[in-house]
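Peer 1: Shown below is the structure under consideration.
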Amino acid sequence: MSKVLTSLPVGQRVGIAFSGGLDTSVAVAWMRDKGAIPCTYTADIGQYDEPDVSGVPARAREYGAEIARVVDCRAQLVEEGLAALACGAFHIRSGGRIYFNTTPLGRAVTGTILVRAMHEDGVDIWGDGSTFKGNDIERFYRYGLLANPQLRIYKPWLDPDFVHELGGRTEMSQWLTSHGLPYRDSQEKAYSTDANIWGATHEAKTLEHLDTSLEVVTPIMGVRFWDPAVDIATEDVTVAFEQGRPVALNGRRFDDPVELVEEANAIGGRHGLGMSDQIENRIIEAKSRGVYEAPGMALLWLTYERLMNAIHNEDTLANYQISGRRLGRLLYEGRWLDPQALMLRESIQRWVASVVTGEVTVRLRRGEDYTIVRTEGPALSYHPEKLSMERTSNSAFGPTDRIGQLTMRNLDIADSRAMLEMYAGQPLDQGQVLVENGTLFGELPSGGFDQITENPEVQAEPEEEALDAAAMEAGTD
């Protein structure tokens, strides 16, 4: 049975995730005018595009909201963001830059916390401003139902009556004026913006065209680092981590993680750090483009990743990257709280993040131009004396040890050579073109692989005696 209502539930309370912009303002007024009982819920997620969240409920009541609440979600959002940071839950990379999934993080928090707040008020119908072409409609749908299985969804933008009457911004503003209602006549931008404490998203309109650069965007969390007229002073920043969590910046310890993130944003923002231009695959597998800001997350990530690489071995890091990428896609799809995501999160935080303790100092200049100055911690597996090119008194191994290690490699090198010879003997259209003409080997005469593992000292022995000599005296292996 569908949970989506396609017509206005007259006489019933309808919760609206209310931003105070034109779209949600007219939606509240229109629903009240048509006989529904709108109730507005505004999430305080530290958004940088709304300087006065506390004043939003008063505006909502002007448009007819029976209940108008601000719900502080900053602490929960910061915690989820720190979990994503620890897990490397970032799967989108374009032009050499990472997208830190800041919008999906915000949706995971608002989609659950707001629905819980509505349910406390006896509101079990929810609407928001997401369109049918985007990701948010599915993210909110999933999180909403997980938080309240009784929830039904009503979105004015999926209601033919609403769309027919108020299909565009001009019609919306005219409708409010004709009904004697105010609205914020903000200047029309060349793109749309959505923000929270972790980052800002700029998309749509002119940014849909790939011949329009990132530089048309006016940053709201940072500076125009590409503009030579903007003066940016070089700055050294030290970030301290304990068990995978950032705890201090420049020696100042933060008891409140929200304050730490705000300070990280301020530091990274004044250098233009963490701004990226991404082409991504939406949940429905259609490609879209967004310009993102995440100065604090970028600062925390580059220092966390540096420390992690100094601690964990190659296979752990490889598993971390694979699992983190998968987790990032789950987060993007609105599955951050699903069992498959929780399994990955718990594993990564337990076995990788829990030992990431230490400090990294980075010298920030403009944008992504920075230098790592110092890395230290109590559990680093980086020990320069083990591989020093200078003479050391406590070297971990010597020349003879390395000769033995190289000799053991003969086994798999011989196997690889045998396979290459086999491929080279295949018809041209199967193997020879690739192996002989597509690599550096040239011709590969058969039989070379046997020479790799030959032992001159046992060449005179019969085959059976040689096998006996190589066998274990007891047991099997």
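Counting begins at 1 with the first residue displayed.
Each Cβ is built from the backbone N, Cα and C atoms, and glycine gets one as well.
Note that this is a predicted model, so its numbers are computed, not measured.
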Peer 1: Which one of 170-197, 366-393, 450-477 shows up in Swiss-Prot as region 'Disordered'?
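Peer 2: Of the candidate stretches, Swiss-Prot labels 450-477 as region 'Disordered'.
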Peer 1: In Swiss-Prot, A17, F18, S19, G20, G21, L22, D23, T24, S25, G129, T131, D136, D194 are given as binding ATP, so which of A43, A108, A117, A229 is in that site too?
Peer 2: A43
Peer 1: Quick one: which of Y99, Y154, Y304 does Swiss-Prot put in the L-citrulline site with N135, R139, S192, T201, E203, E280?
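Peer 2: The record-listed residue among the candidates is Y99.
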Peer 1: Taking only the binding-site residues T131, S192, E203, which one has a CA atom nearest to the CA atom of G21 (ATP binding site)?
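Peer 2: For G21 (ATP binding site), the closest Cα among T131, S192, E203 is found at S192.
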Peer 1: If you measure E203 (L-citrulline binding site) to G129 (ATP binding site) at Cα, how many Å is it?
Peer 2: 15
Peer 1: When a 10 Å sphere is centred on the Cβ of A17 (ATP binding site), how many other Cβ atoms does it contain?
Peer 2: 23
Peer 1: State the Cα to Cα distance, in Å, between R139 (L-citrulline binding site) and S19 (ATP binding site), rounded to an integer.
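Peer 2: Given the Cα positions, R139 (L-citrulline binding site) is 18 Å from S19 (ATP binding site).
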Peer 1: Measuring CA to CA, name the entry from the binding-site residues Y99, T131, N135, S192, T201 that ends up nearest A17 (ATP binding site).
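Peer 2: Closest by Cα distance to A17 (ATP binding site) among the binding-site residues Y99, T131, N135, S192, T201: T131.
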